[in-house]
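See structure below.
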Amino acid sequence: MIARALRTATVVGLLGALAAAPVGATPAPAPSPTPVPAAKTLVTDACPHKQVPPPAVDESEVPKPGQPSPTPLPVPDPPVGGAKLGGCGVVVPDGAPPVPPGIDSAGWLIADVTDGTVIAAKDPHGRYRPASTIKVLLAQVALRDLDLTTVVEGTAEDAAQEGNGAGVNVGGRYTVEQLLEGLLLASGNDAAHALARQLGGVDATVTKMNALAASLGARDTRTASPSGLDGPGMSSSPYDMALILRAALRDDRFVRIAATPRVVFPGHPPVPTTAPSTPPPPGQSPPPAPTSVAPYPIVNENRLLTDFPGAVAGKNGYTDDAKRTFVGAVDRDGHRYVIVQMFGLSQTGNTYWDQYRRLLDYGVALRGKSVGTLVAPEGSTDRPERAPQDAVAASGPSGMGDGTRLLIALGGLGLIAVLVGAAMRTSRGR
């Protein structure tokens, strides 16, 4: 919405400028680009997270009484995907320009999943907590093992899950597809728990998720919860999350659900109260009786879908220990790019959406070069990804549409008038 509005404003402003300017006038100099804020990030050159993630800041990873602490996962040798991906600092192709400024994720990766190459990365196999990006893995297990039309009844345990919730509650009736919508659009931990119950329980679901990750070649990944809430031994890596999203993108049902901008989520009947039925003190009214909740809208919180031409799907996450995480796919010029960000420290003025944009432009400019490969899943001959043909129309530096590029190239008043009308129609259609 913001990018479209800016393009419309640019077109209107240039229309006025061209109408008022004398023929042959010297064009005004281009405005200076907005400076990118300096970024603080972890220095990873010495491989501090080769075996385990950064230290936890809370008690979420303390094992339950009587349970031992999980041992670190083995570190594959040689590195999965190629020798260069064993590096822990910034890894770029020979002769590549410097990485964009302001990238504060401790680990990140840019991959072209159309040809299966890793274009550039920082600490690609460094182990970090995935937070809610691991819901992409849970969604794959659910899509594989459950029927989308199966109805699941909500429980108090679902509703009590810590963190984000879609609104699953006692007595509510939800199809598996609706739970996946709550999982991927609202990052609902309640939806994750309800799906896990249907898959055989939390422990069984975690086992299935870890088995699927291993089959994809994601050997830095061990999930400790279906939702991405931190737990003992939880880890993944930028490389692994690229493998996990690539696999999910091959299921049209996942893409359809994850790319849905808005859904109506089911309501639920009155939630029984657990308060004792004692009369209120003198002069006070009794508490209101529980009421039912009507169906309500859920809006996709993934800004990739609204701010990036050619966006396919993605998932963001955050916990106190994981910091900011994101994995998302965008189509450009017939290629599909996946970008992963982990342990991000982004703040106002330099969000991970801003950083994603800079990494995407960097990766597109380096297309055809690589520092490694995305391995094929077990038992697969692997097939090249196909980005939709209409993604070509959205190609070019992210945030700049064809209308802006044509305007700059041609500059005719008639073309500007057409573009103004088109931009206004697009804005109304949003």
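Backbone N, Cα and C atoms are what each Cβ position is placed from, and that goes for glycine too.
What TrEMBL says about this one:
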- 1-25: signal peptide (SIGNAL)
- 47-80: region 'Disordered' (REGION)
- 65-79: compositional bias 'Pro residues' (COMPBIAS)
- 100-253: domain 'Peptidase S11 D-alanyl-D-alanine carboxypeptidase A N-terminal' (DOMAIN)
- Ser132: active site, acyl-ester intermediate (ACT_SITE)
- Lys135: active site, proton acceptor (ACT_SITE)
- Ser187: active site (ACT_SITE)
- 266-295: region 'Disordered' (REGION)
- 267-290: compositional bias 'Pro residues' (COMPBIAS)
- Lys315: substrate binding site (BINDING)
- 375-398: region 'Disordered' (REGION)
- 406-424: transmembrane segment (TRANSMEM)
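For the region 'Disordered' (266-295), the residues of the chain that approach it from at least six positions outside its boundaries are 154, 159, 167-174, 178, judged by C-beta separation under 8 angstroms.
Ranked by Cβ neighbours within 10 A across all protein chains shown, the recorded positions Lys135, Lys315 are led by Lys315.
Contacts of Ser187 (active site) defined by a Cβ separation under 8 A and a same-chain sequence distance of 6+ are given as Ser132, Lys135, Asn164, Glu301, Lys315, Asn316, Gly317, in order along the sequence. Each residue in the domain 'Peptidase S11 D-alanyl-D-alanine carboxypeptidase A N-terminal' (100-253) has a pLDDT score, and their mean in this model is 98. The DSSP secondary structure for Lys315 (substrate binding site) is strand.
DSSP labels the residues of the region 'Disordered' (47-80) in these numbers: 0 helix, 0 strand, 34 coil. Mapped onto DSSP helix, strand and coil, the region 'Disordered' (266-295) counts 0 helix, 2 strand, 28 coil. Every protein chain shown contributes to the tally, and the Cβ of Ser132 (active site, acyl-ester intermediate) ends up with 26 other Cβ atoms within 10 Å.
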